[in-house]
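Q: Okay, these came from Swiss-Prot:
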BINDING   GLY31, LEU32, SER33, GLY34, GLY35, VAL36, ASP37, SER38, THR134, LYS163, THR185  ATP binding site
BINDING   ASP37, GLU139  Mg(2+) binding site
BINDING   ARG114, LYS147, ASP154, HIS232, LYS233  deamido-NAD(+) binding site
Amino acid sequence: MTKNLLNYLNELEAWLTNYVNEAHAQGVVVGLSGGVDSAVVAAMTKKLFPQNHLTLVMHINNSELDHKATTALVEQLQLNNKQVDLEPPYRAMLQALTIDPQKELMVAGNLKARLRMACLYTHAQKHNYLVLGTGNFIEYSLGYFTKWGDGACDVAPLAFLLKSDVYALSQHFNVPELVIERAPTASLFAGQTDEAEMGLTYKELDQYFQGHLQLSATKQQRVDHLRQSSQHKRSLPKTFKPLYSFQI
């Protein structure tokens, strides 16, 4: 890990601790997916809030690799953890909303993310905790998250870190190799991977946003499209002009 990244991490940890204290929260909660991003956030919270942290593994058709990865994380990092079975409410919602998960993959997948969000915030309210997001800079920049799903959080610690930074931090925090080596995925449906959906690798995107790589015309168009079409995800809800003199 570079000295610059280590200094950033130290500042981030001090800022996060102070933010939680100033919010008068008792601790933090993190959704644990088995991916490297959530692993790094979980490891950081274990360090900063050893007693007052909670990680949730929320089961909705989770893969065997998801199970192995989250189990390894909880055991190796000694995380406070709760397992939550969201399969019954997920099935009930599919039926109530007449969603066919085989024909409407993204609709059903985003429903999973929003159910997990509701679970995280319910536990946060129960314990007076803040919800920590796990998205990195690439995901936020390209809108690679579910609006009001995994994009919903109180604090986003990794928002200005590239994927390569996250991998470096995973080594620093002694994240299990199983987690580090697996292909990044949002786990919204079987076989999904981040890079296949984005159309570029994280390495390419890291280099591009640092100004070290010129993309092909096709890939540049893909990045431009993803950024433009996801702008609404990075903005507050649109409002009309005020009727009165006071502001929100």
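Placed from the backbone N, Cα and C atoms, the Cβ positions cover glycine too.
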Q: Can you tell me how many other Cβ atoms are located within 10 Å of the Cβ belonging to ASP37 (ATP binding site)?
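A: That number is 24.
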Q: Using Cα coordinates, what distance in whole Å links ASP37 (ATP binding site) and LYS147 (deamido-NAD(+) binding site)?
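A: ASP37 (ATP binding site) and LYS147 (deamido-NAD(+) binding site) have their Cα atoms 18 Å apart.
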Q: Sorry to bug you, but what's the C-alpha spacing from THR134 (ATP binding site) to LYS147 (deamido-NAD(+) binding site), rounded to the closest Å?
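A: It is 14 Å, counting Cα to Cα.
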Q: Which one is closest to THR185 (ATP binding site) in space, judged by CA to CA distance, out of the binding-site residues GLU139, ASP154, LYS233?
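A: Result for THR185 (ATP binding site): the nearest of the binding-site residues is GLU139.
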Q: Between all pairs in GLY31, LEU32, SER33, GLY34, GLY35, VAL36, ASP37, SER38, THR134, LYS163, THR185 (listed as ATP binders), what's the biggest Cα distance, rounded to the nearest Å?
A: 18
Q: What is the interatomic distance between the Cα atoms of ARG114 (deamido-NAD(+) binding site) and SER33 (ATP binding site), given in whole Å?
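A: Counting only the Cα atoms, the answer is 14 Å.
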Q: Quick check on the binding-site residues ARG114, LYS147, HIS232, LYS233: which one has the highest count of other Cβ atoms within 10 Å of its Cβ?
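A: Selected residue: ARG114.
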Q: Counting distance between Cα atoms, which of the binding-site residues SER33, GLY35, ASP154, HIS232, LYS233 is nearest GLU139 (Mg(2+) binding site)?
A: LYS233
Q: Max Cα-Cα distance in Å among ARG114, LYS147, ASP154, HIS232, LYS233, the residues listed as binding deamido-NAD(+)?
A: 18
Q: Restricting to the chain of SER33 (ATP binding site) and a gap of 6 or more, list residues whose Cβ falls under 8 Å of its Cβ, or answer none.
A: ASP66, THR70, THR134, SER187
